[in-house]
Amino acid sequence: MKFTLKVTKPELLNTDILCLFVWENEIKRSLLPLPKNILTHIEEGINAEDFKGSKNDFIVLSSKGLISSYKLILAGLGKKSDFNLGILMEQIAKTIRKVRENKGVKIGLVFVSDWSDIMGTQRTAQAIVEASNLAAYQFMKYKSGEESKNLRPIEEVIINIHPAGLAAAEQGIYLGRIMSRATNYSRDLVNEPPRLTTPAFLADEALKIAKNSSGTIKAAVLEEDEIEKAGMEAFLGVSRGSDELPKFIILRYKNPHAKKKIVVAGKGITFDTGGLSLKSPEHMETMKLDMAGAASVLGIFSALAELKPSVEAVGMIAACENMPSGKALKPGDILRAVNGKTIEVLNTDAEGRLTLADVLSYAVKKEKPDEIIDLATLTGACMIALGQDIAGIFGNNENLLTQLEKSAKESGEKIWRLPLEKGYKDLIKSHIADVKNIGTGKYAGAITAALFLEEFINKTSWAHLDIAGPAYMEKDTPINPKGGAGFGVRLILHYFNSI
Ligand code: BES
Ligand code: ZN
Ligand code: ZN
């Protein structure tokens with residue numbers, strides 16, 4: 001999809017479909033730039049369909065030949081006083097879907113001046129591009145019939161703009177394109193079947209990212225013997241039941257003006273059967289998603305060569321499968337992580353925290369970073385607490401958490417803070433080892449998982465994102481078709497850009 005800026009009258013945009021965005025109860029004022037005859041025609045449509053310009057209001061009208069576009073779409077933005085970035089992105093996404101239903105290939109978006117005033121032209125343009133590309137995303141690789149043949153992708157989005165905003169909007173489009181491409185790449189990785197997205201596949205993707213980065217990014221892969229030498233017993237314990245070999249993937253990006261060194265770790269369980277603590281068929285259905293954190297890390301690094309943020313970033317993924325077999329980890333086994341702490345495994349389905357125990361302690365020991373951020377589809381409990389749309393965030397550094405919350409607002413990705421409640425530490429005490437990998441009792445599962453991870457952080461500033469809910473959409477949403485969401489990619493890229 002190509003994005004073009006044009007400084008001209010909206011009626012001269014020369015597209016298949018012209019999309020006009022209007023404020024609730026201020027419809028006339030929102031449409032003022034249009035010529036009288038079109039306004040009268042639109043007013044007739046508005047009255048006939050009782051269109052108020054609220055957030056769920058859309059009407060599609062024929063242009064009756066009054067302008068070159070054959071159709072007009074009117075999209076409500078809701079009340080100006082309630083407007084924010086999330087609403088803008090959602091309305092753009094819904095509009096893109098309407099355009100697709102109406103077979104538009106070249107579309108125009110009318111950029112009302114006070115609309116960009118609220119969030120600034122650059123950010124508004126960026127949000128338009130991000131929302132359009134994310135809404136237009138489809139994973140059709142395995143559709144062989146009519147469905148894929150009838151697809152008519154939107155080729156060009158022309159944004160109508162005031163001359164004063166041109167440079168800022170160009171920059172917004174540039175950033176939006178990078179961030180949405182990275183997100184859609186991450187979605188692809190999650191959507192691919194688990195037979196393909198093995199640990200070796202993820203390692204190859206990392207090497208490809210490095211190869212395509214003109215030297216900006218380096219990738220290295222530790223093989224099983226090296227993983228063993230590094231002392232990652234917990235990671236190897238999880239991997240042991242599978243015929244696929246584990247891979248420890250390290251990505252590196254360094255800006256000469258780097259202000260901070262940040263490790264971004266992603267849970268990389270390429271399929272989670274639960275191991276010997278086997279999942280039920282319903283719970284296993286979507287478990288190819290368990291490498292979504294790793295997919296986000298790969299998505300993030302796929303954008304860094306172009307984005308060039310002022311950071312040193314190290315990506316880390318312990319990639320393996322969690323399978324039951326004669327060699328598999330058993331409940332009762334005890335494993336030692338890189339930092340020397342011992343873990344009693346009582347449930348082999350709580351495997352993500354085992355692999356992350358080694359990633360986090362290895363990151364602390366080898367990289368001595370300023371900050372560590374991990375992204376993990378860690379617990380069903382976090383989904384129970386926050387639902388499908390919101391990730392849980394935990395951490396030990398107020399400043400890092402606040403910065404990430406700010407970036408979440410900017411990216412439109414939703415996160416919510418949960419407590420690292422020290423009083424619950426007793427719930428992960430083991431009678432035989434230092435910690436156990438599940439909490440006593442059935443409550444606070446997301447918190448006990450986060451407390452477990454904290455055991456491997458030492459004193460490094462750290463934020464843990466439990467993305468079990470928003471990593472994967474169980475049904476279509478305006479911005480996200482059913483499947484992988486690429487959650488966290490834009491959040492972290494926005495964060496890097498703010499440093
Ligand atoms: N990968 C799952 C968590 C998950 C569940 C992610 C649903 C996305 C959707 C994780 O490895 C797991 O199985 N966690 C267990 C932990 C329990 C055994 C303490 C869970 O949440 O049930
Ligand atoms: Zn599991
Ligand atoms: Zn898992």
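Keep in mind that glycine also has a Cβ here, set from the backbone N, Cα and C atoms.
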Q. TrEMBL has D349, E351 down as binding Mn(2+) 1; which of D243, D272, D434 does it also list for that site?
A. D272
Q) Which residue of D290, D358 does TrEMBL report at the same Mn(2+) 2 site as K267, D272, E351? A) D290
Q) What is the number of other Cβ atoms found within 10 Å of the Cβ of K267 (Mn(2+) 2 binding site)? A) 31
Q: Measure from each Cβ of the recorded positions K267, K279, D290, R353 to the atoms of ligand 1 and list the residues where some distance is under 6 Å.
A: D290
**Q.** Distance [Cα-Cα, Å, rounded] between E351 (Mn(2+) 2 binding site) and K279 (active site)
**A.** 12
Q) How many neighbouring Cβ atoms, not counting its own, are there within 10 Å of the Cβ of D349 (Mn(2+) 1 binding site)? A) 19
Q) Which residues, in sequence order, are found in the same chain with Cβ within 8 Å of the centroid defined by the Cβ atoms of K267, D272, D290, E351 at the Mn(2+) 2 site, excluding those residues themselves? A) G268, I269, M287, M291, N322, G352, T355, A376, T377
(Q) Show me the subset of D272, D349, R353 whose Cα is within 10 Å of K279 (active site); these are the recorded positions I mean. (A) D272, D349
Q. R353 (active site): which of the binding-site residues K267, D272, D290 have a C-alpha within 10 angstroms of it?
A. K267
Q.
Return the residues near D272 (Mn(2+) 2 binding site) by Cβ distance under 8 Å, restricted to its own chain and a separation of at least 6 in sequence.
A. K279, M284, M287, D290, N322, D349, E351, G352
